[in-house]
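Working notes, structure below.
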Amino acid sequence: MQGAWAPRDQGESHSRMGALDRPLAILFTYVLATIEFTCLFMQFSILPYLSRNLGLDSIAFGYLQTIFGVLQLLCGPVFGRIQCPAILAALATLLGAVLSFTCIPTSTKGARTDAQAPPPGSPRASVFDLKAIASLLQLPDVPRIFLVKVASTFPSGLFMIMFSIISMDFFQLEAAQAGYLMSFFGLLQMVTQGLVIGWLSSHFSEEALLRASVLVFIVVGLAMASMSSVFHFCLLVPGLVLSLCTLNVVTDSMLTKAVSSSDTGTMLGLCASVQPLLRTLGPTIGGLLYRSFGVPIFGHVQIAVNTLVLLLLWRKPLPQRKDKVW
């Protein structure tokens, strides 16, 4: 009898330990995100002014950003010669790696009862097995969720990629002023992800939040199409940040819930690949659109794309799940 009860006791002990480790894991996850976005916005703030001093126009800057996206997508971190910001970014990235290996649990997701275990003795799939990775995109509802994630955020991503050029040409901002504006954007993002989304997820379903975020994208697009000053941009930034953060969190949650525990990391990797994909295609497309049609085109594209996405969600709703976003 004692031997029969032992696995249950061990399971309860493991559950209590997991409950104690969860707040610490969340804390270090926020630390990692802070380090990553700090280094990213360092690059965003410096590169446009450096490229302008070198005589590059918006199209050439778009090509430069495309090259960066390709390297990020294919090679990961690629370091050139030593500059003070590069050294700081490298040290911060090293610190993030140390925190990842020492403070983040290897698994924070419970095993699914409906997950199919591989047959005993079957060969284990390689981490470079592209067929195994692509098979996740063929699971029920995953293609639609992934399409919504990419399509809805792509127009805003185009605008944000070109924002540094827009801040110089359209808003006539100096480097310090553009930095203050990006800090305002980052502060809103921190508050939204840390406080607002948690409250929303406890009161509304994922489907409702997804539709609402797409609807807010459309409203922001309308405001962006008629934007004429940096003051107007500051008024629409809260809506833009809310919709971006909500859609990313909700779609990541829905996609990871759609796969087994062993495939959670792979799905998160696919979700993370959206940003490098955007940075690969976005600069060239955004530079051409900005040069040909000006700033209002980003609002028009956002209205058109997200209207189609909203019609898709309304015509064929995604399945409801009882789990919260967090």
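Using N, Cα and C of the backbone, Cβ positions are placed for all residues, glycine too.
For 24-47, 59-79, 86-107, 145-166, 178-202, 208-225, 230-250, 293-314, the entry in TrEMBL reads transmembrane segment.
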(request) Using a Cβ-Cβ cut-off of under 8 Å, list the residues of the same chain that are 6+ residues beyond the ends of the transmembrane segment (293-314) and lie near it. (result) 144, 148, 151-152, 154-156, 158-159, 162, 166, 170, 207, 210-211, 214-215, 217-218, 220-227, 286
(message) Please report, as numbers and ranges, the same-chain residues at least 6 past the borders of the transmembrane segment (208-225) whose CB is under 8 Å from any CB of it.
(response) 148, 152, 155-156, 159, 200-201, 232, 235-236, 239-240, 242-244, 246-247, 250-251, 254, 295-296, 298-303, 306-307, 309-310, 313-314, 318, 325
